[in-house]
Amino acid sequence: MKKIPVLEVFGPTIQGEGMVAGQKTMFVRTAGCDYRCSWCDSAFTWDGSQKPRMLTAEDVAEELDELAPNNYGHITISGGNPALHAGIGGLVALMAERGVGTAVETQGSVWQDWMLEVDEVTVSPKPPSSNMTTDWEQLDHYMNALGARETKRHSLKVVIFNETDLAYAKTVHFRYPNVPFYLQVGNDDLSTADDLKLRDRLLASYEWLVEQAASDPDWNQARVLPQIHALLWGNKQGV
Ligand SMILES: C[S@@+](CC[C@H](N)C(=O)[O-])C[C@H]1O[C@@H](n2cnc3c(N)ncnc32)[C@H](O)[C@@H]1O
Ligand SMILES: Nc1nc2[nH]cc(C(=O)O)c2c(=O)[nH]1
Ligand code: SF4
Ligand SMILES: [Mg+2]
C-alpha cells in the first residue's frame, strides 16, 4: 500500500472555498508542491518549516475516525498539491466504500487517475500575481478528463489580487465556458494575527471583486466568494 506524506488532518470544519463552500468536512493536507505561489497561504506544506508523516490510507482513516467519531460524512484533500501522490487513490476508494464524500483541491498541473473517483474536484490555475505559469495543454487534459465523468462534479477557481489576475481568469473561464467558475478573494496579509483587521481587509477586497463581476457581462455566469474560514478564523492553521 502506497504511503501518503500527510502534513495535517483536521476537522470537522466547513469547506471555506469554492464549489463546496459551507459543506461540513474533514481536511487531509498533504506535503509538497510543484508550485511556489508568491502568496501561498499554505507554504508550510512545501517550505520545509513543517515535516510530514508517511501514512497509509488506513492510517488516515483511523485518524479521521479518532478526530470525529461518527461525526463526518465528507473529506477534503488539499495540500500542497495532492496530485503529486498516487497513494491518495487508496484513501479516495476507502472513503467511497464507507459512503463518505470526497473533494480535492489542486492547481491542475499533475494528473492522477484517482481524480476520476473524487466527487468534487476543484481545479485552481494560478494567475500572474502568483508568479507561476500555466501549462494550458495540461489544463486542457484535466478539463477533458473531468468533463467526461457522468455523476461527479468539478469546477475552476481562480484567486484574484488585481485587474491583471482578472484578465487571466477571464481567459480561463472562456477557454472552458461550461465549467462552473469561481472568482476567489486573495488574502494578501498572511502574517497578521489581528483577525478583525484581516476580516475588514478581506471584506473590502470581496466588495471590490463583486463590483468587478457585477459591472462586466463576461462574468454573467461566474460565482464570487471569499475564503469563509479566513473571515471566521483569520490566518490560523488547521481550521
Ligand atoms: C493552498 S492551495 C492547495 C491546493 C493546490 N495546491 C491549489 O493551489 O489549488 C488551496 C487553495 O487555496 C488558494 N489560496 C492559496 N493562497 C491563497 C491566498 N493567499 N488567498 C486566497 N486563496 C489562496 C489556492 O489558490 C487554492 O485554490
Ligand atoms: N476551512 C477551510 N476551507 C478550506 N478550503 C480550502 C482550503 C485549503 O487550504 O485548501 C481550506 C482550509 O484550509 N480550511
Ligand atoms: S499551488 Fe497551491 S499549495 Fe502550491 S504554492 Fe500555489 S497555492 Fe500553495
Ligand atoms: Mg487554505
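Each residue, glycine too, has its Cβ placed from N, Cα and C.
Taken from TrEMBL, the feature substrate binding site covers Ile14, Gln15, Gly16, Arg29, Ser78. Under a cutoff of 8 A between CB atoms, and with a sequence separation of 6+ in the same chain, the neighbours of Gln15 (substrate binding site) are Ala21, Gly22, Gln23, Thr25, His74, Thr76, Ala103. Taken residue by residue with DSSP, Gln15 (substrate binding site) is part of neither helix nor strand, so it is coil.
As annotated by TrEMBL, [4Fe-4S] cluster binding site applies to Cys33, Cys37, Cys40. Taking a C-beta cut-off of under 8 angstroms and a sequence separation of 6 or more, Cys33 ([4Fe-4S] cluster binding site) has the following same-chain neighbours: Cys40, Thr45, Trp46, Gly79, Gly80, Asn81, Leu84. Under DSSP, Cys33 ([4Fe-4S] cluster binding site) is assigned to coil, being neither helix nor strand in the three-state scheme.
DSSP assigns Gly80 (S-adenosyl-L-methionine binding site) to coil, not to a helix or a strand. Residues or ranges marked as S-adenosyl-L-methionine binding site in TrEMBL: Trp39, Cys40, Asp41, Gly80, Ser124, Pro125, Lys126.
Here TrEMBL flags Ser42 as Mg(2+) binding site. Of all Cβ atoms in the protein chains displayed, 19 besides its own lie within 10 Å of the Cβ of Ser42 (Mg(2+) binding site).
For 20-235, the entry in TrEMBL reads domain 'Radical SAM core'.
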Suppose we screen the binding-site residues Gln15, Gly16, Arg29, Trp39 by Cβ distance to ligand 1 with a cut-off under 6 Å; which survive, in sequence order?
Trp39
Applying the rule Cβ within 8 Å of the centroid of the Cβ atoms of Ile14, Gln15, Gly16, Arg29, Ser78, what extra residues of the same chain belong around the substrate site?
Thr13, Glu17, Thr25, Phe27, Thr76, Glu105, His229
Close in space, distant in sequence - Ile14 (substrate binding site), Cβ under 8 Å, 6 or more apart
Ala21, Gly22, Gln23, Lys24, Thr25, Ile228, His229
Taking ligand 3 as the reference, state which of the binding-site residues Ile14, Gln15, Arg29, Trp39 have a Cβ closer than 6 Å to one of its atoms.
none
Where the C-beta lies under 6 angstroms from ligand 2, the matching binding-site residues among Gly16, Cys37, Gly80, Ser124
Gly16
Determine the binding-site residues, out of Gln15, Cys33, Asp41, Ser42, Pro125, Lys126, lying near ligand 4 in the sense that the CB is under 6 Å from one of its atoms, and give them in sequence order.
Asp41, Ser42
